[in-house]
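The structure appears right after this line, and notes come after that.
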Amino acid sequence: MSWQTYVDDHLMCDIEDHEGHRLTAAAIVGHDGSVWAQSATFPQFKPEEMNGIMTDFNEPGHLAPTGLHLGGTKYMVIQGEAGAVIRGKKGSGGITIKKTGQALVCGIYEEPVTPGQCNMVVERLGDYLLEQGL
């Protein structure tokens, strides 16, 4: 299965609310910042933004004072799982990033999608990739 298929079928899929809602954008990005696959709506990001995210996984709390920046958008960092998941909030939307052995699984949402729904979609794929040794 191609990485794009994972994005299209497992991240940008209808959320299990039976109303046809889905994430706004999603991507799978290597730890080095290279994009493996992304939705057409995923923002262009700067290398330093991805470096900051990777630093926060290695040094939890690194992004808390400055916020998480991706594609020029600033998210307030909220509770996550140290070294495994970073969550951010901006207005009525937000972002979830799950770290696997080789990649970052990223999902961005806006209402009516909830933070919990985004977390479920992103972390389910991230956990699967971890189980596969990826």
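Positions of Cβ are set from backbone N, Cα and C atoms, glycine also.
Annotated disulfide bond per Swiss-Prot: Cys13-Cys118, in sequence order. Positions annotated as phosphothreonine by Swiss-Prot, on the basis of similarity to another entry: Thr114. Among the features that Swiss-Prot reports, motif 'Involved in PIP2 interaction' is placed at 84-100.
Overlay of Swiss-Prot feature records on the structure.
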{"residue": "Cys13", "record": "disulfide bond", "contacts (Cβ under 8 Å, 6+ apart)": "Arg22, Val121"}
{"residue": "Thr114", "record": "phosphothreonine", "contacts (Cβ under 8 Å, 6+ apart)": "none"}
{"residue": "Cys118", "record": "disulfide bond", "contacts (Cβ under 8 Å, 6+ apart)": "Leu23, Gly94, Ile95, Thr96, Gly107, Ile108, Tyr109"}
